[in-house]
Amino acid sequence: MIEKAIVAKPKGLLKGVQSSSDSKGSPVKKSLEGKEAITYAKILRSRNKFVDALAIYELEKDSKNVEAHIGKGICLQTQNKGNLAFDCFSEAIRLDPHNACALTHCGILYKDEGRLVEAASYQKALQADPSYKPAAECLATVLNDLGTSLKGNTQEGIQKYYEAVKIDPHYAPACYNLGVVYSEMMQYDVALSCYERAATESPTYADAYCNTGIIYKNRGDLCLAVSPNFEIAKNNMGIALTDLGTKEKLEGDIDQGVAYYKKALYYNWHYSDAMYNLGVAYGEMLKFDMAIIFDELAFHFNPHCAEACNNLGVIYKDRDNLDKAVECYQKALSIKPNFSQSLNNLGVVFTVQGKMDAAASMIEKAIVANPTYAEAYNNLGVLYRDAGNIFLAIEAYEQCLKIDPDSRNAGQNRLLAMNYINEGADDRLYEAHRDWGGRFMRLYSQYTSWDNPKDPERPLVIGYGSPDHFLSYFIEAPLLYHDYENFKVVTYSAVVKADAKTNRFRERVLKKGGIWRDIYGIDEKKVASMIREDKVDILIELTGHTANNKLGMMACRPAPIQVTWIGYPNTTGLPTIDYRITDSLADPLDTKQKHVEELIQLPACFLCYTPSPEAGPVSPTPALSNGFITFGSFNNLAKITPKVLQVWARILCAVSNSRLIVKCKPFCCESVRQTFLSTLEQLGLESTRVDLLPLILLNHDHMQAYSLMDISLDTFPYAGTTTTCESLYMGVPCITMRGLVHAHNVGVSLLSTVGLGHLVAKNEDDYVRLAVQLASDVTALSNLRLTLRELMSKSPLCDGPKFIQDLELTYRSMWHRYCKGDIPSLSRMEILQKEELDVVQEQLHQQPNTSPQKLVKDEPADDASGPEHGPASKDNPLVLIKINGYNTSPSSITSPSSEENGVSQTRMLNCGDQCFRV
């Protein structure tokens, strides 16, 4: 257990949120009950999760809770259980006879039954609350329908239409119907005014324009018949075409959507909504220069369009122009101060910059502005993660998942965060991954057969998929040394912005006869189809649950054999992945850590490191000139747990005059620095002996920063990988510790492979002993530093050709098993399907055979656009969805740091709100 005394919350960061170690007051850990449960149920309803919301309402113990009865009724109503819904609304009315919401919903049920007279409940609702808009809208609809039903009685019908317009002056169908009646009565002037009013209230009301044209034609006014009010018609064409474009885009035809937007501008060249949506579409198509042009035009013609400013900020953020992004977000907020997306996005930028206090302030404001803003809680989790508070990070991710259980970002961030504190004492982390994988797999259809010839010795097609920057140090060897005659490489690169290294990799792959495909921004199901077309035999994903992963691609199971490797220290949890590549030190044969995948051990280390050409020379050990030992770590703050700090403090206290240097991005924030230092002071280490460095952007400068330390201290239970390799290559020996899980043992594998197994500790006391012992002989430390790079370069860790020979033998062994029908994932999926079938059959067997009397019909109402659909109470008002919203495809950017899991953000729905994957 981690001692509560040293779980320090950063000063100035998100006041009022408690550490998860104090579960008593935790908003996430506390069970849902009372008002909180009802609030959560309303959130679920707002996200159309009516079944889940109903389950919460069913648990409400207070039989006099009117809001619970109404909420339950609404959920039942959406499931076409009208009789049960009516009982709920009736009970609410019994408890509160003047409840406008309950009365309105009773009216809706009567109307859906065709009992328009009884639907006078709307009138009662208005009498109870004249300002209750849903009742007015629904009553207008009923009166309009009554007027139509009285077609044989013209005057009574007209009266009903006028009553509808009086109740809701903006109700266009009643105006239109008045026009029809007056046309039949040959009162064409009155009819024209009615049609014009209908068109004014609903500019896309085609029938109103058509009937207007007919009247003008019958009068002989052919010019007006062809173009009644030409300017209005052009504007309305622009509106209609823009809406049509958005409809096409949302249905998957983005090119047709763009064509409609452009056509809309032909009719109305200054229509800002069309420009705005063109900007959105071009952003989705990754044509960012065009997106910028149309977003700027949209803002020029509509200076109140905060959404356009926000979207510009998203693009500039993706292009690493953070100052310009901040300017755009601030401009959006000057227009809409409570614009939750821009508040959130500004918090994202500040988090990337390490300005944790400013980031916290913005994200908190976003949540205040929109309490159901799920991704803001996800970003809050990333903020806590970066600040080193994993417990609060996990709480924030879980809060996001409470609001949006399908949030992929929060779900995967939560799994990753749990690795930082998992010591392998139980199976909870495995179960969390397994459960996630089972749910995630159901979102995709799986391929279960392949055309790949089952010839055990034929040349194989090997597919690699990854977006990550740090992985380049470990993926270069396969791309360079594979035998392309027998192992043709296809690379699926999801890199956001190709740099010089990416271009070099591409050239090498293509020169050797391989295939390079850029898949950034392409739907994962389409990528899976590409993999099928490429006839990939073995597909290897390299990121697991880290940033911008393509596990959706793996969930489709496009290749006969699927493998996970390198980028994630645990199981993916996906039943569609056959194998996980590791070694006997990272995952011993007797490991108790469970995996969904079958473990395949390479004969040496499971990693092959290619040093950076920008590393520069090894510098002399600084203790020679300083006169004291400097310990250090460049791992991210999330890995430096309270227990790690306890051990480090013991080392520093045991080595007189020694110093500690730690480098990570959040140290540019004063509150994070002070929290870190105060924690060490509580452990007996003076803050004057600690140097904290913020992120160093340039790789050369980052590598040269190792010249400041004599001995590198590894983290646990999540050890370093890239940082350990960098440290060793720069001549800095590293102390690591053996553990029970893969994440803990990566350093064991790296050091043992290089020949430094004697620096692997068995436990915390041994860790302290080894560090103190190594620091006691500066001469030996200096000699080791001068020879360590050569020792590492000649070790199996950097022997690319030999590593690839072993890897190719492993691939061939997998293929032999496949040719014999041995497919681990298919066997696993068959077991899962059988288990699910058994559960369903058991549920059907236990389900009572009841058939309650129905009050309303099961069929949906004919007019799905009518205001009576989707009713809600005052606390849950009817929501009009703006169809011209921001709807971008996932895109991401990785922080240029040496940390293994770089920060990234994704543009999501709703005006480009950015969200972190870590």
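Yeah, the Cβs are placed from backbone N, Cα and C, and that goes for glycine too.
Residues annotated as compositional bias 'Polar residues' in Swiss-Prot: 843-853.
Positions annotated as region 'Catalytic region' by Swiss-Prot: 408-918.
According to Swiss-Prot, the feature region 'Disordered' maps to 843-877.
As annotated by Swiss-Prot, repeat 'TPR 1' applies to 34-66. Beyond the ends of the repeat 'TPR 1' (34-66), by six or more residues, the same chain brings 72, 74-76, 78-79, 92, 95-96, 99, 102, 371-372, 402-405, 872, 875-876, 879 to within a C-beta distance below 8 angstroms of the stretch.
For the repeat 'TPR 2' (67-99), the DSSP-based tally of helix, strand and coil residues reads 26 helix, 0 strand, 7 coil. According to Swiss-Prot, the repeat 'TPR 2' annotation covers 67-99.
The repeat 'TPR 3' annotation in Swiss-Prot covers 101-132.
Per Swiss-Prot, the feature repeat 'TPR 4' maps to 140-171.
The repeat 'TPR 5' feature in Swiss-Prot is assigned to 172-205. Under 8 Å from some Cβ of the repeat 'TPR 5' (172-205) lie the Cβ atoms of residues 140-141, 143-144, 147-148, 154, 157-158, 161-162, 164-165, 211-212, 215, 218-219, 229, 232, 235-236, 239-240, 243, all in the same chain and six or more residues away from its ends.
What Swiss-Prot lists as repeat 'TPR 6' is 207-238.
Under the heading repeat 'TPR 7', Swiss-Prot lists 239-271.
Look at Swiss-Prot and you will find 273-305 tagged as repeat 'TPR 8'.
Summarising model confidence by region, the repeat 'TPR 9' (306-339) averages a pLDDT of 95. As annotated by Swiss-Prot, repeat 'TPR 9' applies to 306-339.
Here Swiss-Prot flags 341-373 as repeat 'TPR 10'. Across the repeat 'TPR 10' (341-373), DSSP classifies residues as 26 helix, 0 strand, 7 coil.
The annotation repeat 'TPR 11' is assigned in Swiss-Prot to 374-407.
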